[in-house]
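> Pulled these features from TrEMBL for this protein:
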- 60-80: transmembrane segment (TRANSMEM)
- 142-160: transmembrane segment (TRANSMEM)
- 172-193: transmembrane segment (TRANSMEM)
- 218-239: transmembrane segment (TRANSMEM)
- 260-281: transmembrane segment (TRANSMEM)
- 317-334: transmembrane segment (TRANSMEM)
- 346-370: transmembrane segment (TRANSMEM)
- 376-394: transmembrane segment (TRANSMEM)
Amino acid sequence: MLSSNISSPLSLFFNQRSPQLRQWLVKRGQSTITAEVGASSTPAAATVPNAATNRILGRWLLGCSGLVVGAVVLGGVTRLTESGLSMVDWHLVREMKPPQSQAEWEAEFAKYQQFPEFKIMNHDMTLPEFKFIFYMEWGHRMWGRLVGLAYILPTMYFWKKGYFNRSMKGKVLGALGVSLFVSSQGLLGWYMVKSGLEEKPESHDVPRVSQYRLSAHLGSALLLYCASLWTGLTLLLPVHKMAETKQIMQLRRFAKGTGGLVFLTALSGAFVAGLDAGLVYNSFPKMGERWIPDDLLAFSPALKNFFENPTTVQFDHRVLAVSSLTAITGLYLFSRRMVLPRRAKIAISLLTAMAYGQVALGISTLLLYVPTPLAATHQSGSVALLSLAIWVLAELRKMPK
């Protein structure tokens, strides 16, 4: 009885106000749902990669690969100007500021004078001459740090924003691991330089860095460059719709083998540079008066010749260069027998033209006793040739399933 008396006024009140109350409740429910959907969809939108984010990532990786090219070219010039042993210690942060005062420069010069390069080769070097080689090496090291920051900081940002899809995360874990990789590049570079600072009483040769460490330093930089360029191109260039014919598959395999040969040829150049093998036989096509020189296998055991005998190292580089040129020419001729997309044809044609230009540069560098400007151009040409080989592979890649 009591409950009925209480409920009747309440029900009367809600019945009177029911149209307004129902409208208010509906509006409140809609705004609540909209807010919840907006809150849940905002992070989702930020974490779903799309064509726009792929373009951003592709341009970033191409920019990073360009910085790596700069480091490789600057490293080659540093090597050719014999500047690489001017900085006799390594500090990640402290060395970012070069000497400022006269006293600081003299102290740095005094440290350099304690090492074999000054004692054997540069004992009459002046302070201004030392400043030149110091700044060459310092610039190379600072460029390396710039490369590291260009990889590490954007990788952290893009990862946080969710720009990487599932397939990209595996690749860019390599880009996240780039922080360690780039750091190891700096340490590997110092490990290489340190080999040229060591006293070697049993050797009367000019001080030089170990060709093994030099090739490891260059090889790791080239691997980083290839991975960045390949991933950047695959993000930016649409896949061509090509029928998977037997000829296309053969062309793709041919291009992969050719690219590997170009990479190996570039890497063998590090052994040539490390041993100054370009100054051994300055004639072409023969080496001296012979096609195969007498001292090709002068070292024992025989395997040692391929890495430590300047004659063998130069001979190997010649063979690899001619093999690369032959393979690229064959790739070009084979590609003319089939219908290919326009961009793929352009890439193969440019690769072929660059190959002939690079061989001409190499022969000229050899015949003219390795002048620094020509040698630096030849080293840069090897990276350009490798870049074109990667572009060809990107144009011929399969349509993803």
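Placed from the backbone N, Cα and C atoms, the Cβ positions cover glycine too.
Because TrEMBL annotations are produced automatically, they should be read as predictions rather than curated entries.
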> Under an 8 Å Cβ to Cβ limit, what residues of the same chain, 6 or more beyond the ends of the transmembrane segment (346-370), are close to it?
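Distant Cβ neighbours of the transmembrane segment (346-370) are 80, 278-279, 281-284, 321-322, 324-325, 328-329, 331-332, 335, 340, 377-378, 381-382, 384-385, 388-389, 391-392, 395.
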> Thinking of Cβ pairs under 8 Å, which stretch from 60-80, 260-281, 317-334 has the most of them with the transmembrane segment (218-239)?
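Ranking 60-80, 260-281, 317-334 by Cβ pairs under 8 Å to the transmembrane segment (218-239) puts 60-80 first.
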> Counting only residues 6 or more past its boundaries, what in the same chain has a CB within less than 8 Å of a CB in the transmembrane segment (260-281)?
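Sequence-distant neighbours of the transmembrane segment (260-281): 76, 79-80, 208-212, 214-215, 217-219, 222, 226, 287-288, 293, 307-308, 310-311, 313-314, 316-317, 320-321, 323-324, 327-328, 365-366, 369-370, 375, 379, 382-383, 385-386, 389.
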